[in-house]
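Take a look at the structure set out below.
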Amino acid sequence: MKSLGRHIIAEFYDCDKEMLDNIDAIEFHMKQAAYETGATIVNSSFHRFLPYGVSGVVVISESHLTIHTWPEYGYAAVDLFTCGDHVDPWKAFSYLKKIFKSQRAHVVEHLRGKYDEVGIPENAPHKAVEAEMAEIF
């Protein structure tokens, strides 16, 4: 079934606690995860909380990647929302699971804007992504 976007909601457990509290590493790896999907990064913003924890967003032309960490519990909540057929959010999931040294994860995928529910013909191209890609090339 075609959709405007794919939204992966991931929970990473038993992660490297030091990694989850390192804002520079988190930002670097979230950007790298975006590149892994084939996405185009527009902007990013990250914040470190005291005494610990990091939250951040990587805005991509195709939507966004977000993270919230609880280093004291070895836990990270991650959303990977991508639009268009040329990006694969599962590549970001696999990359982050490895980088965070997550011993277990819970993940669900939600199709956003299903063509049949929005009223888009099944063979219609994704206009927003096509327009954005035209600007790049």
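Just so you know, glycine gets a Cβ as well, placed from its N, Cα and C.
All chains included, 23 other C-beta atoms sit within 10 angstroms of the C-beta of S63 (active site, schiff-base intermediate with substrate). Residues annotated as active site, schiff-base intermediate with substrate in Swiss-Prot: S63.
Swiss-Prot lists H68 with the feature active site, proton acceptor, giving sequence analysis as the kind of evidence. Sequence-distant contacts of H68 (active site, proton acceptor), defined by Cβ-Cβ distance under 8 angstroms and a gap of at least six in the same chain, are G53, V54, S55, A76, A77.
The active site, proton donor annotation in Swiss-Prot covers C83. In the three-state DSSP classification, C83 (active site, proton donor) falls within a strand.
Secondary structure at S63 (active site, schiff-base intermediate with substrate), taken from DSSP and collapsed to helix, strand or coil, is strand. Residues or ranges marked as pyruvic acid (Ser) by Swiss-Prot: S63.
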Cα separation, S63 (active site, schiff-base intermediate with substrate) to C83 (active site, proton donor) (Å, whole number): 6
Helix, strand or coil at H68 (active site, proton acceptor) [DSSP, three-state]: strand
